[in-house]
């Protein structure tokens, strides 16, 4: 029996080709250099100088045109003319320095930043002006603790308040949440867990309701509840009208959240012998709890500021009514609408105060929804 012994250390292996035939590393094909990445953002001193110089040149040209040449005036026209001049100077300098490819990129970035800045300025203007006009009413503590039972149009802001509107808003939105939350979650569970041919119809209806005008929701509640069932103007009817607006928002948001639950969790639960509905109740819904809370907050922020539905269904009153099933119940949007129709300056200030209070509530709800969404993302990592 012949035994093949391995070659000793330092000797050539007879089963491998000779080392002279191996291509040296120096003779291998060179690695091509990586292509230079285009920079879409302003990153160096030259680009910043280009931006600053273009802005200054555009401002100077606009000032000369507006004050010396063109018979025009107005702040809005000045800003538009300055932006056009700045864009022309910036694109001209960028094209001469960088070329056509970078010029197209910078033009797209400039349009995106300009659109974002325009939206931010518009939003800040609305918020700032509303808060500024509402400070006269918000500066009085009685605005939060009194109603308008004894305060007429000529009464000072130190008398009367919007307590009845604030209480009506909280009562109506609470009743709307009690209706829309279970219905919206059940609809989302049906669309994600059951499916079938009918789910396409349900999804189409929900998507159509998302774009439903708010006045149509108010007319629906008015025809069905007030005319059809013989009810009177009340907070309950207003809450049902608000529910029509909140339901598609909650259903669509909850559907998206439930689809993000990993399928492995469902499969593991089913493999342990749990039924489908037990899996949904014990696995899917607890996993999606932060996202469902975000969906609820988004729906609440949509419903709390609706004016058209409550205008047709709630009725207006100047006193505090805590019974949603008896008598008119005013809310903050309806209070703002009614007060703004008065020619009296104090009533207009009360309207801006209620609008500012409503705006703060909506902003807090959206901030809370963002916090819940970030908490849910960090919890799933």
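Residue numbers in this text run from 1 along the chain shown.
Placed from the backbone N, Cα and C atoms, the Cβ positions cover glycine too.
Annotations in TrEMBL come from automatic prediction, not curation.
Feature annotation from TrEMBL assigns domain 'ABC transmembrane type-1' to 166-369. TrEMBL lists 1-31 with the feature region 'Disordered'. The annotation transmembrane segment is assigned in TrEMBL to 49-69, 75-96, 108-132, 170-192, 204-227, 233-251, 347-368.
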Determine which recorded stretch among 49-69, 75-96, 108-132, 170-192 has the most C-beta pairs below 8 angstroms with the transmembrane segment (347-368).
108-132
Outside the transmembrane segment (49-69), six or more residues from its ends: residues with CB under 8 Å to it:
42, 77-78, 81-90, 93-94, 97
